[in-house]
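Colleague: What follows is a structure written as structure tokens; I'll ask about it next.
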Amino acid sequence: MLQVLTALAPTFLLIAIGFGLRHFKLIDAAFWGAAERLIYYLLFPALLIDGTAKTDLSGMDIWAMGGALVGGILLLSAALQLSCRRLSGSDPAYTSVFQGAVRVNTYVAMALGAALLGPHGTALMAIGVLFCMPTVNILSILVMQRHGDMPAGMKRHPLRTLWQILSNPLVCSVIVGAALNLAGIRQIPVVSPVMNVLGQASLPLGLLAVGAGLGFSAIRGAKVAVAVSSIARLAVLPVITALLAKALGIQGNAFVAVVLYNALPTSVSAYVLARQMGGDAPLMAGIITVQTLAAAVTLPVLLALLTA
């Protein structure tokens with residue numbers, strides 16, 4: 001347990017520092033938006049391409065891992081659609097509960113993968129990005145289109161939604177890295193060292209940005225919705241994923257990776273989509289905050305069980 005806590009501590013300390021920097025206004029507020037764009041479009045793609053290209057994927061059952069990850073998300077989504085609208089109070093609130101339950105914070109995923117799963121940790125988590133990011137984007141947008149509080153004229157065309165998913169820089173980065181890996185191109189002179197340096201910068205800056213985005217104002221008025229989304233994300237989904245992974249014969253670090261990926265707190269990007277498509281953005285901010293804080297407790301327990 002002490003080893004797990006030691007590995008997790010730097011991640012959550014960086015998140016806390018980011019919150020402090022934003023809360024005490026030690027850095028101009030405009031910095032954080034620019035930093036998030038830099039991470040999303042340059043630093044994080046560099047990390048994913050470099051990590052995926054360098055790792056030996058031959059011993060990994062990628063399709064079984066993808067099946068456990070996506071299968072868990074689909075089963076949880078079905079359960080939410082059948083039952084949890086009653087607990088959220090309104091359609092816009094339901095969209096935030098849903099997003100909070102299915103989305104994952106990829107910055108935290110990569111940081112913990114690198115810290116806990118050794119040299120292949122980044123690639124193992126990149127498999128999660130490849131399978132889960134398109135899945136949760138499709139599901140989230142479909143839910144937002146049906147339940148979001150926005151004019152009909154602003155609903156997204158299906159082709160626009162498809163293009164948005166296919167052009168996602170994180171998904172594209174994993175595909176490029178996997179293609180280089182399969183082609184046997186593990187190192188590109190000059191380019192690979194530059195990408196390695198950029199990738200190393202993505203994790204600390206990304207975690208600081210996660211902390212800067214935390215907010216507490218909406219939690220008090222929506223305790224049930226916040227609790228439902230958080231329990232679904234941090235407790236129910238990992239259990240479903242673990243059962244599916246066992247059934248599919250996934251073992252070792254690959255098993256830890258798929259369960260860990262589906263046990264991480266929700267993504268800050270869910271707040272942006274909630275604002276754009278008529279969701280309950282204040283509730284979404286509250287869910288993000290509670291899950292990020294709660295994960296500091298749930299993840300050590302989960303990892304202790306997985307590594308026992």
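Backbone N, Cα and C atoms are what each Cβ position is placed from, and that goes for glycine too.
Below are the features I grabbed from TrEMBL:
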- 30-50: transmembrane segment (TRANSMEM)
- 62-82: transmembrane segment (TRANSMEM)
- 123-144: transmembrane segment (TRANSMEM)
- 165-185: transmembrane segment (TRANSMEM)
- 197-219: transmembrane segment (TRANSMEM)
- 254-274: transmembrane segment (TRANSMEM)
- 281-306: transmembrane segment (TRANSMEM)
Colleague: Are there 3 or more C-beta pairs under 8 Å linking the transmembrane segment (62-82) with the transmembrane segment (281-306), counting only pairs at least 6 apart in sequence?
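Modeller: Answer no, regions not in contact.
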Colleague: Does the transmembrane segment (254-274) reach the transmembrane segment (62-82) with at least 3 CB pairs under 8 A, where each pair is 6 or more residues apart?
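Modeller: The answer is yes, given that the two segments have at least 3 Cβ pairs within the 8 Å cut-off.
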Colleague: Should anything in the same chain at least six residues away from the transmembrane segment (165-185) have a Cβ under 8 Å from its Cβ atoms, list it; otherwise answer none.
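Modeller: For the transmembrane segment (165-185), the nonlocal Cβ contacts are 40-41, 44-46, 48-55, 57, 106, 126-127, 129-130, 133-134, 137-138.
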Colleague: Are there residues at least six beyond either end of the transmembrane segment (123-144) with Cβ under 8 Å to its Cβ atoms? List them, or say none.
Modeller: 48, 51-52, 54-55, 57, 60, 62, 65-66, 69-70, 73-74, 77, 94-95, 98-99, 102-104, 106, 109-110, 112-113, 117, 156, 161, 164-165, 168, 170-171, 174-175, 177-178, 253-254, 257-258, 261-262, 270, 273-274, 277-279
